[in-house]
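Everything on this sheet refers to the single structure shown next.
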Amino acid sequence: ETAALQVSISLNKVELSVGESKFFICTAIGEPVRLDWYNPQGERIVPSKRMALHTETSRSRLIIYNAIIEDAGIYRCQATDASGHTEEASVVLEIYQRLTFRDVQSPQEFRHGETAEVVCDVISSPVPVVVWYYQDREITEEHHSRFQVLPNNNLQIHQVTKADEGVYRCEASVEARGEIDFVDIAVVVNVPPVLSVFQQSFNATADYQESVTFTCITSGSPDPLVTWHRKGQQLEPSEQHVFNRLEGGRSMLTIRNIRQGDGGTYTCKATNKAGSQERELFLKVFVQPHITQLKNVTAVEGSAAMISCVAEGEPLPDISWRRASDGQTFVDGDKSQDGRFEVRGRHGKSVLTISGVKLTDLGRFDCEALSRIGGHQKSMFLDIEYIPKFLTNHTIYYSWEGNPVNISCDVMSNPPATMLWRRERFTISAEGTANTRVHSAEGKSVLEVTPMSDRDFGRYNCTARNNIGVRYQEFILAQADVPSNPYSVRLSAVSQRLATVTFMKPDSHGGVPISYYLVQYKEVGSQEWRDVKSHSVQTTVVLTGLEPNTTYEVRVAAVNGKGQGEFSHTETFQTLPIREPSPPAVHGQRGMGKAYRLGLVKQDDGGMPIVEYIVKYKTDKEEQWMTKLVPGANDFAMLQPLQWNTRYEVEITARNVKGLSEPTFYQFFMPQKPDITGKSMKQENLFLLMPPLSLYFPASA
């Protein structure tokens with residue numbers, strides 16, 4: 001007989017913590033044919049990843065890996081023998097959750113002023129008791145009004161501040177098992193940035209290498225990041241944009257080498273985890289005036305000219321005009337007295353309008369752009385085009401057969417005119433003809449005509465043409481004549497050998513200039529006229545080499561290119577007879593040592609050469625005259641030896657063959673005798689600087 005079946009399990013009640021593993025051994029006595037395990041739901045256990053079975057004939061091992069709450073319950077081991085009889089044993093498996101903190105973050109960050117919830121996710125079975133500590137003190141609602149432990153064990157802090165920062169301890173315990181654990185959580189409170197600026201707006205002038213520094217003062221936690229923005233773009237460090245940070249949360253942006261385009265709004269932005277704030281700063285850039293457009297203008301005489309000047313700058317400059325010819329200035333709204341000049345301007349543009357343009361308007365005009373920070377000036381030139389104008393009223397020319405004449409047609413025009421000559425409807429070509437040639441220069445055309453017969457005299461037409469218009473001028477080539485007679489022949493300054501002839505020029509020069517005058521003279525009774533030509537066209541001629549005490553006849557004719565004209569009336573005159581000379585003129589100066597030099601200047605010699613000068617001299621104390629004879633060809637007399645420190649009187653007489661002149665009186669003074677020392681030499685030199693004491697008494701006076 002077989003032994004009765006008996007089944008036993010190694011353990012009968014087991015407590016297992018979630019996640020732990022256990023095994024159970026089921027042993028059968030007798031002759032079992034099979035051993036089976038059943039789970040708490042009554043299902044036969046099939047081996048799996050978490051539940052393993054190792055079965056031998058009378059022994060079976062069940063392993064539960066990584067237990068979960070759902071594994072709890074009664075497990076049965078059943079043995080079956082050959083006759084189908086079964087016996088079983090059971091084991092109770094209790095599963096509990098150990099105290100576990102699930103993924104608790106530290107630090108936990110909050111924003112200043114919000115309601116913070118410090119998360120402490122802790123599980124256990126049974127449910128744990130959670131207590132919070134801060135700075136080693138338990139947090140209780142009576143002592144900490146803003147603090148509250150929530151049903152989910154989290155700690156809620158109302159209106160959290162920077163002062164609430166620190167380490168908080170979350171402590172959990174399970175009394176049934178005496179199990180206790182804690183976790184420390186760092187609480188960080190972030191403060192949004194606060195921004196302030198010292199100065200909000202700045203001024204600068206462009207293109208003067210000027211710089212401006214904006215300053216932003218920030219606070220916040222963590223320290224905010226400061227960025228600078230303009231026109232929606234973040235500025236990057238560069239040559240022009242320099243960033244600086246100083247303690248005290250000061251951030252600076254320096255804008256260097258300011259240009260016009262740098263003006264406008266800049267934004268300072270401070271950002272951290274808790275938020276961001278921005279402030280606007282303003283840069284006003286002043287720009288020196290600059291004239292960007294001013295062109296030379298060409299206008300047609302009589303029409304209107306418009307000159308425009310465009311300038312930029314900040315502030316926009318005022319524009320004025322200045323006429324260089326007379327310095328007259330014009331500003332916006334001005335009108336000249338004659339109403340021809342008017343200025344209109346707006347938004348950095350000014351237009352100077354000149355109506356009824358005159359040639360006198362030609363020239364430079366200055367445009368000046370002026371603002372309170374500076375000025376700029378530029379000039380333009382007003383050129384005036386006009387129809388040709390003839391410059392000459394000389395339209396009648398005279399010539400004679402075989403004598404070339406230049407007929408000059410002078411024109412002022414802009415642009416330069418082309419000029420043509422016409423003769424009775426025929427154009428004279430530039431090459432000319434047998435007896436005409438054309439010489440052209442700018443503004444001038446000269447027609448050279450060599451008249452060969454009467455046919456070549458008459459009318460010649462000069463035509464000047466430019467793109468403004470055409471003008472004509474008529475010239476007449478007339479036959480020249482010889483001059484008419486000079487008249488009013490007069491004689492003056494007649495002496496023994498000389499006579500001066502003066503006369504009035506003829507009423508008619510015959511159409512061509514007088515070349516010279518022919519003066520003819522002869523002794524009365526002689527048949528032979530002697531000729532004297534005038535110097536150029538002077539109406540005075542001096543006759544020389546005449547005989548004294550003789551009667552002469554004189555007549556005058558004018559000569560031009562055509563020939564010699566008629567003679568004037570004949571005039572007669574008589575030369576003077578020979579007489580005694582006039583007294584000489586005298587001037588004196590000291591000679592070397594005891595000498596005195598008298599200069600003699602011949603006056604009228606009376607018609608015959610002076611033979612000699614008789615010089616008589618004496619001291620003012622003496623009665624006796626000394627005499628010195630000087631040849632008439634000489635121009636001085638040397639008196640010596642003389643006495644020192646003495647006044648002398650002199651009488652000088654001139655003699656020709658006819659006799660003696662009246663005397664000339666003269667006085668001079670001889671100085672003291674000089675020492676041979678330097679001192680008196682100086683005195684003597686001083687004396688030399690004194691003018692000679694001279695008295696000139698002409699004999700006739």
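These residue numbers are counts, starting from 1, taken along the chain as shown.
Any Cβ shown, glycine's included, is placed from N, Cα and C.
Unlike curated records, TrEMBL annotations are generated automatically.
Here is what TrEMBL says about this protein:
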type: DOMAIN; residues: 5-92; note: domain 'Ig-like'
type: DOMAIN; residues: 97-181; note: domain 'Ig-like'
type: DOMAIN; residues: 193-282; note: domain 'Ig-like'
type: DOMAIN; residues: 289-383; note: domain 'Ig-like'
type: DOMAIN; residues: 388-478; note: domain 'Ig-like'
type: DOMAIN; residues: 485-578; note: domain 'Fibronectin type-III'
type: DOMAIN; residues: 580-675; note: domain 'Fibronectin type-III'
Touch test for the domain 'Ig-like' (388-478) and the domain 'Fibronectin type-III' (485-578), at least 3 Cβ pairs under 8 Å: yes
Counts by DSSP class (helix H/G/I, strand E/B, coil) across the domain 'Ig-like' (388-478): 3 helix, 57 strand, 31 coil
Average model confidence [pLDDT] within the domain 'Ig-like' (388-478): 92
Secondary structure content of the domain 'Ig-like' (193-282), with strand meaning DSSP E or B: 3 helix, 57 strand, 30 coil
